[in-house]
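**Student:** Okay, here's the structure, questions in a sec.
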Amino acid sequence: MAYRVLGRAGPPQPRRARRLLFAFTLSLSCTYLCYSFLCCCDDLGRSRLLGAPRCLRGPSPSGQKLLQKSLPCDPHGPTPSEPSAPSAPAAAVPAPRLSGSNHSGSPKLGTKRLPQALIVGVKKGGTRAVLEFIRVHPDVRALGTEPHFFDRNYGRGLDWYRSLMPRTLETQITLEKTPSYFVTQEAPRRIFNMSRDTKLIVVVRNPVTRAISDYTQTLSKKPDIPTFEGLSFRNRSLGLVDVSWNAIRIGMYALHLESWLRYFPLAQIHFVSGERLITDPAGEMGRVQDFLGIKRFITDKHFYFNKTKGFPCLKKTESNLLPRCLGKSKGRTHVQIDPEVIDQLREFYRPYNIKFYETVGQDFRWE
């Protein structure tokens, strides 16, 4: 009898052990599932808080097909199809820049700013020389090319214009040069709308000499154009000058200046003499630096006169390993013009020159 009891009591022991092992395993599985679910929710919560899209974190061999149909993780924020999430604290997410602000970029490298000063004219007056000379100054950063924003590319907007500019520090001036601005009717108003404090530099030159230089440049590109005399006059015997020809019209400085004085005071416009820029580059650039409100860094030590080209060039300095002169397109030998034609044009420009002298308070002695 005792044997039967012991015999019946003996077999249940393995089954009870198996039940206990199953219960323990099930408990561990549930615990793991709960922990995984909590971690997943926490990660999802953080993603939603920071405005990040839900996405796959990386490929896995078993989930390759699913990965192909899922969005990859984008650490930079929500996709365009998703609404923007609420802003995070300033310490975690930097505030977005306003498109109308006057800067962009990293403070360490400097920022791109709208120019505080412009060389607005005139063509063939010496604007390239002024630009290259002023770029030597450590407090000036200038755009090397002509953006033609205020005459040809205004529709692209100020953000596009700013993107072209070199990066500058807070202590530096951003400057650009486009000589055609001076004769563009809309340019003064457009520049004023950008900033009424913009400083303007105008490089002027004897209008007759300037017109001949302009023609010489055009002739080098289009050898089949009419003669200088033919383009200058509607009727030479009557002395009727053709003011529709741009090379003639640009030299009517007093006429163009009227448009600028409607928006900018005379004190905000500085006139550089193209002739003195050749004979006394340090003196002219000294006055440009004074106008810009920067130290007179560019002096006589920066220049030497190049007899071949007929104008001053920059000397070798600590920052410039080689002397620098303007390119081959500068200093061309002018086309020979009949002296009588020159005299007729001088008479034509005389009243415009006198009015210009009186307006700006300088006698450029072009007669």
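Note that Cβ sites are derived from N, Cα and C of the backbone, with glycine treated the same way.
Unlike curated entries, TrEMBL annotations are predicted automatically.
Found this in TrEMBL, in case it helps:
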COMPBIAS  84-96  compositional bias 'Low complexity'
DOMAIN    115-350  domain 'Sulfotransferase'
ACT_SITE  Lys124  active site, for sulfotransferase activity
DISULFID  Cys313-Cys325  disulfide bond
**Student:** At the level of the C-alpha atoms, what whole-angstrom distance separates Cys313 (disulfide bond) and the residue listed as 'active site, for sulfotransferase activity'?
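**Tutor:** Cα-Cα distance, Cys313 (disulfide bond) to the residue listed as 'active site, for sulfotransferase activity': 17 Å.
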**Student:** For a quick check of packing: other C-beta atoms within 10 Å of the C-beta of Lys124 (active site, for sulfotransferase activity), how many?
**Tutor:** 23
**Student:** Mean pLDDT for the domain 'Sulfotransferase' (115-350), as a whole number?
**Tutor:** 93
**Student:** Inside 10 Å of the Cβ of Cys313 (disulfide bond), count up the other Cβ atoms and send me the figure.
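**Tutor:** Cys313 (disulfide bond) is surrounded by 19 other Cβ atoms within 10 Å.
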